[in-house]
Structures are given as structure tokens and as C-alpha cells.
Amino acid sequence: MKARRRTDVHRARTVMRTGIGSSARGSGAAPPHWLDVRRLRLYPLTALICYVILVMGWIVRRSILHQPDVPPLALDFLPFWSASYLGLHGHALDAYDVIKLTRIETVVEPYMRDLNGILPWLYPPTMLLLVLPLAWLPYWMAYGVFAIAALLLFIRVVRKIAPWPQAIWPILGFPGIALVLVAGQAACLTAGLAGLSLWLLRRHAGWAGVCAGLLFVKPHLAILFPLAFLCCHAWRALAACLATVVATWLLSLVAFGPDTLLAFLHGVQAAQGTVAEGQAHLFRMPTVFIMVRMMHAPIWVAYALHAVSALAAVAVVANAWRKPCAYPLRAAALVTASLLISPYLYDYDMVWLGLVIAWLCVHGVTRGWQVGEREWLVVLWLAPLLGLVVVDFVGFQFLPFVTLTTLVGIHLKIRSGAQAVLTPPIGGVAS
């Protein structure tokens with residue numbers, strides 16, 4: 001059966017030499033698809049050129065013309081570096097004090113004086129433990145090291161999932177990556193950990209659990225991973241995950257003190273109130289809760305509908321990981337469902353869709369495509385950009401429909417038996 005998996009990978013590479021539009025069910029089974037190798041290279045290259053032009057325009061406006069209304073890039077990285085600075089100087093608790101944190105941020109970036117808002121530190125002490133070394137370096141050098149390391153991790157993981165040469169261009173041009181880099185966020189790191197955990201699960205279950213445990217630096221994105229391990233009886237991965245979570249929490253509380261946990265919980269509660277009252281940038285939050293709130297529904301209705309969608313996502317994951325199922329569909333279901341759990345997700349976390357695209361490509365190339373699947377992958381590829389550009393313009397948060405539709409499609413493929421060729425249990429993981 002290991003040979004069968006190698007055959008699938010070989011078949012994927014063979015098909016991709018002639019394009020993603022080719023069918024895995026045999027030559028001549030279907031005419032070539034419009035999304036061929038040439039377009040898989042052309043469209044991402046065009047996107048990359050656009051990114052370069054936009055960055056050059058930003059440099060001209062900010063550094064040459066000195067226009068005061070042009071914000072710095074990677075502004076969201078300020079809380080990461082500032083929290084690290086406070087932690088290294090023995091004041092980790094002050095990272096959760098907005099006033100004290102803002103003082104550090106303003107010294108690093110004077111633009112903060114003109115910013116109509118705040119950039120608080122809303123992460124658990126475990127995240128502070130992870131980013132603690134950042135302030136050993138000057139701010140921009142720290143961001144360069146952090147961004148490049150996270151980006152390389154994400155790209156490497158996606159390349160492991162989709163191991164054909166032509167995949168590099170859609171990965172590099174993926175708008176989700178550009179959004180993360182411009183924002184200065186850690187979403188490439190979390191997506192890389194999630195993808196690495198799923199890739200390792202059939203190879204080194206213990207290390208897969210460690211990666212999933214580290215992912216709990218953003219708990220709302222990680223909560224479904226232990227459920228998946230439990231449903232497929234991946235006991236080694238589950239044990240490693242729980243051990244990693246406990247170890248990192250204990251270490252962070254010993255290092256920074258238990259008051260940081262209370263401060264974190266208080267900060268999260270305050271942020272939730274701000275979002276619920278509509279005082280945040282709602283157009284940048286692609287959740288069912290925000291979608292309903294932007295339609296001026298009462299808050300209890302928004303929470304209720306979000307709870308329904310989140311419970312449905314949990315049910316899809318439990319079904320996919322409990323019953324026999326093609327592993328790419330399992331992985332895609334888990335990643336997609338993880339984006340539907342929290343009411344307070346931000347658009348930069350949509351870089352996780354890159355993992356969904358990769359897993360669905362593997363399944364489609366090796367098992368055959370259904371009508372419209374490749375077109376939908378294009379929609380997923382564009383989704384982070386569309387959310388940033390279109391949502392605020394039209395006044396409607398449509399990205400939850402994209403995520404929900406993707407999860408429904410995966411669930412229907414599982415139910416219809418689209419996973420006809422199954423691989424055996426490996427390391428306690430039925431795949």
C-alpha cells in the first residue's frame with residue numbers, strides 16, 4: 001500500500017507535466033482544461049508583478065514624497081516585537097497593558113501617534129514565549145527574519161503536500177501570502193504548523209502532535225486538531241499534542257507568571273466586546289458572526305448562526321476522520337473547518353486556504369476532477385484578495401460563504417465515495 005501512495009505521487013507529477021487540466025483517469029479521457037501549465041505560471045507571475053508595483057509605489061509615496069497619510073508596512077508586527085521587548089526586560093505582564101505597550105510601539109514607529117486606534121497584544125503567554133527572541137534584533141531586522149522563516153516554512157510545507165514543479169508559481173503568487181507579509185502577521189507560521197502536522201501524521205505521528213500542540217499559540221485555530229486525532233485513533237499524535245500544550249503553558253507561566261494568563265483572558269474579553277459593538281474593522285473578519293452583524297442583525301442572532309455553522313464544521317471533521325476517507329479530503333476538511341470555529345478570525349488567516357487548495361489539488365490530480373472543481377480552486381486562490389478589496393466596497397462579508405461552500409463540497413465528495421482509492425492505516429492513522 002505504501003507503493004500505492006508512491007504511485008499516486010508519481011501520477012500527480014506526471015499529470016502536472018501536461019497541466020492541472022489533465023485527467024488522472026487515463027489519457028484521452030477528457031479534453032485539456034483551460035487551466036493548463038501555461039496559465040498556472042502566467043496568472044501568479046502577473047500577481048507577483050502587481051505586488052512589486054504596489055510595493056514600489058508605497059516606497060515612492062512614503063520614502064520619497066513623504067506623504068504623511070501612507071502607513072508603514074507590517075504594522076501588525078509592532079505588538080509582536082514590543083511584547084518581546086517587554087518580556088526580555090522582565091515586564092511580560094506589561095505586554096497586556098495597552099498603554100504601556102503603545103508607548104513601546106510609538107517609540108519604534110512614530111506613525112502610531114497618528115493612528116486612530118490601538119495595536120494590543122491579544123495572544124496567550126505561549127505565543128509570547130515563542131516570539132521572545134525577536135527583540136534581540138532591531139525591529140525591521142527582526143521582522144525580516146520572522147517573516148522569511150515563516151514564509152519558508154509555509155512554502156516548504158505546501159511543496160511537500162503538492163510535490164510537482166509547476167506548483168511553485170501558484171504558491172508564490174498566492175494573495176494570502178502577500179496579505180500576511182503586508183500586514184506583518186504570523187498567519188504563515190500557523191498555517192505552516194497546521195500543514196506540517198497533517199503532512200507528518202502518516203509518517204511521524206508524534207512530531208505531528210507536537211506541531212499541532214505548538215499551533216495552540218492561536219487556540220481558536222487549533223481546537224479541531226485533537227478532535228481529528230481522537231476520531232482516527234491517532235493516540236500517539238493526540239498524546240504528543242496534549243503534552244506539548246501542557247508543557248508550553250507551564251513553561252510560559254513559570255517564565256512570565258500566572259498573572260499573564262489572567263491578563264490575556266481579560267484582553268480577549270475586551271476585544272470581543274469591541275468587535276461585538278462594531279468598533280473594529282469588521283470587513284476584515286471573514287466569519288459567519290461578522291457576516292450576520294454586517295447585515296444589522298441582533299448580536300444573539302449572529303452568535304446563534306455562527307454557533308450552528310461551527311457545530312456543522314465540527315460534525316464534518318468528525319465524520320471525515322472517523323470513517324474511511326481519502327487523506328487529502330480529510331486534511332482539507334480539517335483545515336477548512338478550522339476557519340469556521342472562531343467568530344473573530346481575521347482575513348490574514350485566510351492564508352490557510354493555501355493548504356486547502358494544495359490538498360484538493362492532490363486529490364483531484366490523482367483521483368480525477370469533477371465539473372467546476374478547478375474553477376472553485378481559482379476562487380479560493382483569489383479569496384484573500386477579494387475579501388480585502390471587495391468586502392468593504394460592497395458592505396457585505398461574503399468570505400464565509402466561500403469557506404462554507406468549500407466545506408460542503410468536501411463533505412459531499414466524502415459522502416459520494418469520491419475517495420474510491422484508499423490507503424491503509426499508517427502509524428495508527430486510517431487514511
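Using N, Cα and C of the backbone, Cβ positions are placed for all residues, glycine too.
Note that TrEMBL annotation is computational and uncurated.
Given the structure is predicted, the values throughout are model-derived calculations rather than measurements.
Annotated features, as they stand in TrEMBL:
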type	residues	note
TRANSMEM	42-60	transmembrane segment
TRANSMEM	127-155	transmembrane segment
TRANSMEM	167-200	transmembrane segment
TRANSMEM	206-230	transmembrane segment
TRANSMEM	237-256	transmembrane segment
TRANSMEM	299-320	transmembrane segment
TRANSMEM	327-345	transmembrane segment
TRANSMEM	351-369	transmembrane segment
TRANSMEM	376-399	transmembrane segment
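With pairs at least 6 apart in sequence, the transmembrane segment (376-399) and the transmembrane segment (127-155) have fewer than 3 Cβ pairs within the 8 Å limit; the two do not touch. In this chain, the transmembrane segment (237-256) does not touch the transmembrane segment (376-399); fewer than three CB pairs sit within less than 8 A of each other, excluding pairs fewer than 6 residues apart. Note on the transmembrane segment (206-230): residues 123-124, 126-127, 130, 186, 190, 193-194, 196-200, 236-245, 247-248, 313-314, 317-318, 321, 330, 334, 337-339, 341-342, 344-345, 349, 352 of its chain, located 6 or more positions outside it, place their CB under 8 angstroms from a CB of the stretch. The stretch with the most CB contacts under 8 Å to the transmembrane segment (167-200), chosen from 42-60, 237-256, 299-320, 351-369, is 351-369.
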